[in-house]
Amino acid sequence: MSGIDPKRFGKVAVLFGGESAEREVSLTSGRLVLQGLRDAGIDAHPFDPAERPLSALKDEGFVRAFNALHGGYGENGQIQGALDFYGIRYTGSGVLGSALGLDKFRTKLVWQQTGVPTPPFETVMRGDDYAARATDIVAKLGLPLFVKPASEGSSVAVLKVKTADALPAALSEAATHDKIVIVEKSIEGGGEYTACIAGDLDLPLIKIVPAGEFYDYHAKYVANDTQYLIPCGLPAEQETELKRIARRAFDVLGCTDWGRADFMLDAAGNAYFLEVNTAPGMTDHSLPPKAARSIGIGYSELVVKVLSLTLND
């Protein structure tokens with residue numbers, strides 16, 4: 001294990017549940033995190049912000065929080081700002097990194113300005129003329145395309161569009177989840193990868209091979225036929241360089257401590273970054289535990305490592 005005296009952490013709240021579209025995933029993550037911390041002797045307790053006011057954290061003597069909330073206020077900077085206000089240390093990124101990390105539109109703007117490669121894209125606003133915008137977008141980006149709400153995680157409401165006729169309906173559907181919709185050129189030929197980040201751990205890249213069209217919500221949390229390849233099959237030098245770019249993609253957004261950066265490779269091996277995740281899933285289907293396990297780090301040791309990052313200044 002980490003060698004850290006569990007008493008150093010004090011009373012720890014595991015935040016999970018919440019009110020976002022990812023509540024069920026968060027409940028699963030949180031229960032496992034809670035057990036992992038308790039297995040290490042840490043004084044950890046469950047806390048669902050959908051059921052209790054955050055002020056109770058201070059009132060009940062919590063000094064630290066493991067954030068296992070996904071999406072919504074748990075990942076967009078709001079919970080982070082509240083924890084800052086109450087003087088409670090917490091896992092993951094602060095207000096800025098969390099807010100930017102959940103906002104795919106502004107993430108891509110920052111990446112464009114800082115040289116992090118990301119797929120070409122267009123934005124559509126809720127209420128636009130979807131048919132007219134679809135015609136323009138197909139002319140600019142071609143097909144196939146990915147349509148995504150700007151601020152949902154876990155691939156909620158992400159659609160792959162293969163024909164121009166299907167695009168207006170996909171825009172309309174995505175716009176029910178967010179007022180800004182991202183339409184992104186599909187990067188084909190090299191596969192999907194993720195880089196897991198946890199402090200100074202050198203975690204391997206994971207290649208993701210879903211049984212379906214792409215790595216959607218079902219493939220992430222329900223299906224058992226998604227393949228996770230560790231090692232990922234890339235040459236060591238290329239993997240090292242991709243991990244360096246992934247860390248930069250994370251850092252330029254103001255993200256800190258731990259998370260994930262997802263990217264695609266084209267047929268020539270060029271990387272295009274899709275998004276970061278500042279509060280990754282920690283279910284038995286989730287990627288950080290898989291990456292850690294591949295280098296001999298068990299679940300409990302991983303969550304203690306993540307929590308230990310809150311001990312740093």
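Yeah, the Cβs are placed from backbone N, Cα and C, and that goes for glycine too.
According to Swiss-Prot, the feature ATP binding site maps to 138-193. Classification of LEU159 (ATP binding site) by DSSP places it within a strand.
If you draw a 10 Å sphere around the CB of ASP262 (Mg(2+) 1 binding site), it holds 20 other CB atoms from the protein chains shown. In three-state terms derived from DSSP, ASP262 (Mg(2+) 1 binding site) belongs to an extended strand segment. Annotated Mg(2+) 1 binding site per Swiss-Prot: ASP262, GLU275, in sequence order.
Secondary structure at ASN277 (Mg(2+) 2 binding site), taken from DSSP and collapsed to helix, strand or coil, is strand. Among the features that Swiss-Prot reports, Mg(2+) 2 binding site is placed at GLU275, ASN277.
Per Swiss-Prot, the feature domain 'ATP-grasp' maps to 108-308.
With respect to their backbone Cα atoms, ILE187 (ATP binding site) and ASP262 (Mg(2+) 1 binding site) stand 13 Å from each other. Summarised as a single figure, the pLDDT of the domain 'ATP-grasp' (108-308) averages 93. Per-site Cβ counts within 10 Å over the binding-site residues LEU145, LEU159, ALA166, ILE180, ILE187 peak at LEU145. Among the binding-site residues ASP262, GLU275, ASN277, the residue whose Cα lies closest in space to that of VAL138 (ATP binding site) is GLU275. The secondary structure of GLU173 (ATP binding site), as reduced to three states from DSSP, is helical. Separation of the C-alpha atoms of ALA166 (ATP binding site) and ASN277 (Mg(2+) 2 binding site): 28 Å, rounded to the nearest whole number. Listed binding-site residues: GLU173, GLU275. The one with the lowest count of other Cβ atoms within 10 Å of its Cβ is GLU173.
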